[in-house]
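> The structure is given below, and queries will be raised subsequently.
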């Protein structure tokens with residue numbers, strides 16, 4: 001579709017409400033104002049006016065706001081009509097506007113896309129709009145707002161600028177090889193490169209925090225039947241989310257709870273007890289359990305402390321450990337400490353965290369909560385933090401790889417041309433975050449996930 005079209009969409013959620021807003025952007029927005037309002041409102045002033053139908057009768061009355069381009073969110077002429085929030089009223093007004101030639105319904109995210117294309121915000125800021133709307137916690141909302149205000153983009157742009165200066169220095173060394181000073185081996189380039197690598201590592205650390213805050217961590221509770229998995233889910237969720245009985249195999253399907261631990265979002269998943277089941281329904285539940293385990297960020301290996309004294313997961317259930325995906329983090333949870341009399345707390349066994357608790361009484365559950373938070377490196381207070389998406393992490397990782405490759409070329413062979421190329425590729429990877437180098441397909445995927453009126 002052409003970006004020269006004038007677009008309209010409801011900017012408020014569907015349904016009944018006190019206020020309903022229609023947003024219009026494009027060349028014909030001025031004509032819409034004159035047709036529907038009978039006048040062009042004073043720029044950036046609220047004007048209380050009737051909204052008129054084709055025959056001049058009033059459809060509604062409310063506030064009209066006129067933002068002539070380029071001083072608007074999209075960079076185009078923008079008109080906002082704020083009327084009553086009834087779906088019938090808004091639908092009538094929308095149909096009235098669509099009778100005007102050259103006006104069409106906006107695609108999802110098209111207002112933000114136009115703002116990006118008109119240099120009103122970069123791609124990371126545009127994504128932050130959707131993240132702010134979807135934020136599931138106060139900290140996520142604050143971090144999304146920081147990204148919208150340019151905190152993440154500023155960090156990325158600083159890295160791009162540093163790489164630009166470094167590339168200039170390297171290119172000079174390549175173009176003037178007969179100078180008395182060997183720029184490639186005088187130590188200055190290596191020092192600057194190490195500085196950029198260190199700055200990039202710091203941004204990657206914050207970005208991982210931001211991604212965790214946005215995406216959440218997927219934690220799967222797994223183990224044999226009657227180990228207390230559902231009781232632990234209830235204890236972590238703070239409510240009776242799962243049915244708990246003494247009957248083995250009570251949980252046959254996957255149960256999900258979304259919780260927060262000091263601002264960190266977690267997707268807690270309770271699964272069917274793992275065993276050789278004869279019942280077809282239970283077998284399906286066990287298959288689903290393994291599917292969830294294979295996609296987990298961490299597994300809580302639930303152990304009934306009354307059935308074994310072993311603490312090493314390989315000794316407790318070697319077949320289970322052997323089937324787990326390689327490098328999948330495990331926390332061993334020895335349950336029923338209220339019965340065994342074990343000392344509550346946390347220790348480490350063969351590189352795995354071991355938590356002793358009672359899911360029934362709740363004793364020791366806070367220790368597990370802290371373990372989950374610390375295991376992901378999550379910081380409760382992230383002043384100035386920003387949200388990040390998986391594509392951001394990938395771009396940062398690619399940039400880091402190019403810088404390490406460039407450093408190897410510099411130290412191994414003093415190969416200036418190869419170093420310059422790696423620096424260029426690193427710069428390009430970083431620029432993908434803000435949208436300076438981004439394919440149209442990626443833009444389409446990003447903005448299509450937005451709300452219609454954003």
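In case you wondered, yes, glycine gets a Cβ from its N, Cα and C as well.
So Swiss-Prot has the following annotated:
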type	residues	note
BINDING	23, 80, 120, 454	(6S)-5-formyl-5,6,7,8-tetrahydrofolate binding site
BINDING	226, 245, 247, 250	K(+) binding site
BINDING	226-231, 245-251, 270-273, 335-338, 358-360	GTP binding site
BINDING	230, 251	Mg(2+) binding site
DOMAIN	216-377	domain 'TrmE-type G'
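How buried are these features, and what lies next to them?
Annotation note: residue 120 ((6S)-5-formyl-5,6,7,8-tetrahydrofolate binding site) sits in a coil segment as assigned by DSSP. Within 10 Å of the C-beta atom of residue 120 ((6S)-5-formyl-5,6,7,8-tetrahydrofolate binding site) sit 19 other C-beta atoms, taking all shown protein chains into account.
Its own atom aside, the Cβ of residue 226 (K(+) binding site) has 21 Cβ atoms within 10 angstroms in the protein chains shown.
In the three-state DSSP scheme, residue 226 (K(+) binding site) is classed as coil.
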> Quick one: Cα separation, residue 336 (GTP binding site) versus residue 120 ((6S)-5-formyl-5,6,7,8-tetrahydrofolate binding site), in Å?
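With distance taken Cα to Cα, residue 120 ((6S)-5-formyl-5,6,7,8-tetrahydrofolate binding site) is 58 Å from residue 336 (GTP binding site).
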> In terms of DSSP three-state secondary structure, what is the assignment for residue 272 (GTP binding site)?
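In the DSSP reduction, residue 272 (GTP binding site) maps to coil.
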> In angstrom units, rounded to an integer, how far apart are the Cα atoms of residue 229 (GTP binding site) and residue 120 ((6S)-5-formyl-5,6,7,8-tetrahydrofolate binding site)?
50
> What average pLDDT is reported by the model for the domain 'TrmE-type G' (216-377)?
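Mean pLDDT for the domain 'TrmE-type G' (216-377): 85.
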> Under a criterion of Cβ-Cβ distance under 8 Å and sequence separation of at least 6, what residues of the same chain contact residue 358 (GTP binding site)?
335, 336, 337, 338, 339, 344, 364
> Does anything in the same chain, at least 6 positions from residue 80 ((6S)-5-formyl-5,6,7,8-tetrahydrofolate binding site), have a Cβ under 8 Å from its Cβ, and if so what?
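Those within reach of residue 80 ((6S)-5-formyl-5,6,7,8-tetrahydrofolate binding site), by Cβ under 8 Å and sequence separation of 6 or more, are 11, 21, 22, 23, 24, 63, 64, 65, 67.
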> If H, G and I count as helix, E and B as strand, and all else as coil, what does DSSP give for residue 358 (GTP binding site)?
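Its secondary structure by DSSP: coil.
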